[in-house]
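**Student:** The structure follows.
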Amino acid sequence: MTIAVGRAPSRGWFDVLDDWLKRDRFVFVGWSGILLFPCAFLALGGWLTGTTFVTSWYTHGLASSYLEGANFLTVAVSSPADSMGHSLLLLWGPEAQGDLTRWFQLGGLWPFVALHGAFGLIGFMLRQFEIARLVGIRPYNALAFSAPIAVFVSVFLMYPLGQSSWFFAPSFGVAAIFRFLLFLQGFHNWTLNPFHMMGVAGVLGGALLCAIHGATVENTLFEDGEGANTFRAFNPTQSEETYSMVTANRFWSQIFGIAFSNKRWLHFFMLFVPVTGLWMSAVGIVGLALNLRAYDFVSQELRAAEDPEFETFYTKNILLNEGIRAWMAPQDQPHEKFVFPEEVLPRGNAL
């Protein structure tokens, strides 16, 4: 027997910190937690502060806080004024100059919440990568979570960066998001954009697949227990499978004539559909940031302008979009002092 005698390698501060971050505890921290927890705390705290106390009078001419009488559906952390451009509006920057009240008035909370929120979401994705590596599984959860991150970054950051200022980004609130949706439709005809169509197909298709999958598994359970209902019938730690893939395959083969042949392909498809849809919608929003057009059926517009009896759903939607632009712009951008004479407002079938 050989005995090797030597000195244990010294552990530096990095090794000690690595052990502490990855220690098994109720809430795992990890290296990703250094980014996730502070950013998530500051983003959520900034949003709660803004919706509780901070007005949007100086940026949008609106009341947007509980203090002013708004409710949960109408409060918001509003985007900065158009005149601020793409400034980060740092508290110590030239705009606020360290004055917290002035910073609130200028809309400084919006870039604060947007940037910390984006980095918080990225930190959560990295958390899934990190834990997957430690547990020894594939990182597809992190890959899936990249889709909502792409949508958030494209809508809240890429779109306003392509426009004249942060003002045109959605404010952080329920009714504020609805206003932004109307804006996208009126100024970009977003619902006719093929990337939006792919996004809708992905989200609704993912919901459909989720419902079908859950129902099929429930339908093909073959090992029941003594519980009064499905939710009480199983031991949550049982190792064996309790539903029949073969029976499910036979059922859907009779319904559609085709069915998934194995679970890997089935679950990959359930991952692929919503993730691809969200990614495509994010690509479409980046296109809107650059003011790219999708489908413009000019021939129908010209014919509708010449022939009062010719109208399609497309030309009708174009008129509705013109109405949104004409009536929304003065309300949405009061600082521009838009005035639309009566004769230029859309009326009837005339484009």
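Glycine is treated like the rest: Cβ placed from N, Cα and C.
Quick caveat, the model's predicted, so the values are computed rather than measured.
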**Student:** Could you check which of 80-100, 185-205, 206-226, 311-331 is flagged in Swiss-Prot as transmembrane segment?
**Tutor:** 206-226
**Student:** For the record in Swiss-Prot, which of the ranges 18-38, 39-59 is the transmembrane segment one?
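**Tutor:** When 18-38, 39-59 are checked in Swiss-Prot, transmembrane segment belongs to 39-59.
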**Student:** Looking at 106-122, 123-139, which stretch does Swiss-Prot describe as transmembrane segment?
**Tutor:** 123-139
**Student:** What does DSSP assign His196 (chlorophyll a PD2 binding site), in three states?
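**Tutor:** Its secondary structure by DSSP: helix.
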**Student:** Which one of these stretches, 39-59, 151-164, 206-226, 277-293, has the most C-beta pairs shorter than 8 Å to the transmembrane segment (123-139)?
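**Tutor:** Selected stretch: 39-59, with the most Cβ pairs under 8 Å.
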**Student:** Considering only the binding-site residues Gln128, Asn141, His196, which residue has the minimal Cα-Cα separation from His213 (plastoquinone binding site)?
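**Tutor:** Looking at Cα distances from His213 (plastoquinone binding site), the smallest one goes to Asn141.
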**Student:** Looking at 39-59, 151-164, 206-226, which one has the highest count of Cβ pairs under 8 angstroms to the transmembrane segment (277-293)?
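**Tutor:** Counting Cβ pairs under 8 Å, the winner is 151-164.
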**Student:** In sequence order, what residues of the same chain, 6+ apart, have a Cβ less than 8 Å from the Cβ of Phe260 (plastoquinone binding site)?
**Tutor:** Asn249, Trp252, Leu266, Phe269
